[in-house]
C-alpha cells in the first residue's frame, strides 16, 4: 500500500535514522521508522474504529477500556506497518533496483540481505500478533485476514492494474476494533460495511496520489498500479474517491443515528481536509506530496475522532 510507495531519494540521512547504530540503521530504514505517513495511515483506522464503537455502543464503554484497546490495537498496527514495509521491499527488490527513487533502499543497495529481511518480517508479524493474547479470540481471525492481504499486496502490482484494491483490507480495522470491544459487526452490518469502505477508499486515494510520483518510471519497468492505469484521468479518479469516501462516512453516521455534530465535524472535516490536499498537490505533482499528505491525514483523523467523541459524550 502506501507502505510500498514510501520512496526515498538518497541513502538514509534523516535525523531519526542517524540516531541508530550503523549496523541497525538499515533495518530501521527498511521498517520506515522515519516516514510518519505510513504510521498515520495504518494506526488511525484503529483509533477511528475504537471511537466509532464508543459512539454506537448500546451501553457506555468505560474510558479505561477504550484506552486499553486503543493502546493494544495501536501496537499491533505499528508492527503490522513495519512488517509490511519490509515484506514489500523484499518482494519488490528487483523492481526497486530499476527505479531512481527506490534503488537506494537497503535491499537494492546491499545494506540488508534478503534472508535477514525475511527473518525481520516474521519477527515483526509475530511481535504484532502477540497482543492478541489480551484481546477476544475473534481478533485473531481479523489479524489473519489483515496479514493475508498485507502479504498479497506487493504481488498485485506485477499482475493487475489495481493492486491498491488490496489496501481496502486496512478498513478491516473497524471490525477488529468492534470485536476487541465485544461488539458484533454483523449486528451493525450496514454502518460497519460503510466504515470499512470509507477507510479503504481513503487509503486508496492517498496511495494513488503518492504513486503518481513514479508513473513514468513505473511504465518503463512494467510496474502496474491504478496511478499508471488512470494516468490520463488521475484527477477524476482522485476526486471520485474523495466523494465516495465522504458518502460512505455520512451513511455510516446515518445508519447509526449519529447527530449533527458528527456530520459537521467528521464528515465536513474529512471532505474539506482532503479537498485541500487534492488542490494543494494538484493531484499529479510530486513536489511536497508526502508533507501535504501527512498534514491532511493527521488533521482529517482529528476531525473523524472529534465527531465520534462528541457523539460519545452526548450519548453518555
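Placement of Cβ uses the backbone N, Cα and C atoms for every residue, glycine included.
Worth saying up front: this structure is predicted, and the values here are computed from it rather than measured.
Annotation comment: Swiss-Prot describes 36-56 (among others) as transmembrane segment.
Under the heading transmembrane segment, Swiss-Prot lists 60-80 (among others).
Long-range contacts of the transmembrane segment (131-151) within the same chain, counting only residues at least 6 positions beyond its ends with a Cβ under 8 Å from a Cβ of the stretch, are 69, 72-73, 75-76, 80, 83-84, 87, 125, 166, 169-170, 172-173, 175-176, 179-180, 182. The transmembrane segment annotation in Swiss-Prot covers 131-151 (among others), and the record cites sequence analysis as its basis.
Residues annotated as transmembrane segment in Swiss-Prot: 163-183 (among others).
Residues annotated as transmembrane segment in Swiss-Prot, with sequence analysis given as evidence: 191-211 (among others).
Beyond its flanks by at least six residues, the transmembrane segment (247-267) meets 52, 55-56, 188, 190-191, 194-195, 197-198, 201, 303-304, 306-308, 310-311, 314 of its own chain at Cβ-Cβ distances under 8 Å. Under the heading transmembrane segment, Swiss-Prot lists 247-267 (among others).
Residues or ranges marked as transmembrane segment in Swiss-Prot: 294-314 (among others). The list of residues near the transmembrane segment (294-314) in space but at least 6 beyond its ends in sequence, with Cβ under 8 angstroms from a Cβ of it, reads 36-37, 40-41, 44, 47-48, 51-52, 54-55, 202, 206, 249, 258-259, 261-270, 273-274, 276-277, 280.
Long-range contacts of the transmembrane segment (36-56) within the same chain: residues 1-3, 6, 66, 69-70, 73-74, 76-78, 80-81, 84-85, 170-171, 173-174, 176-178, 180-181, 183, 188, 191, 195, 199, 203, 206, 252, 256, 258, 262, 290, 293-294, 297-298, 301, 304-305, 308-309, 311-312, 315, each at least 6 residues beyond the stretch ends and with a Cβ under 8 Å from a Cβ of the stretch. Within its own chain, the transmembrane segment (163-183) has Cβ neighbours under 8 Å at 1-2, 41-42, 45-46, 48-50, 52-54, 56-57, 61, 65-66, 69, 72-73, 77, 135-136, 138-139, 142-143, 145-146, 148-150, 152-154, 156-157, 192, 195-201, 203-204, 207-208, 211, 224-226, counting only residues six or more beyond its boundaries.
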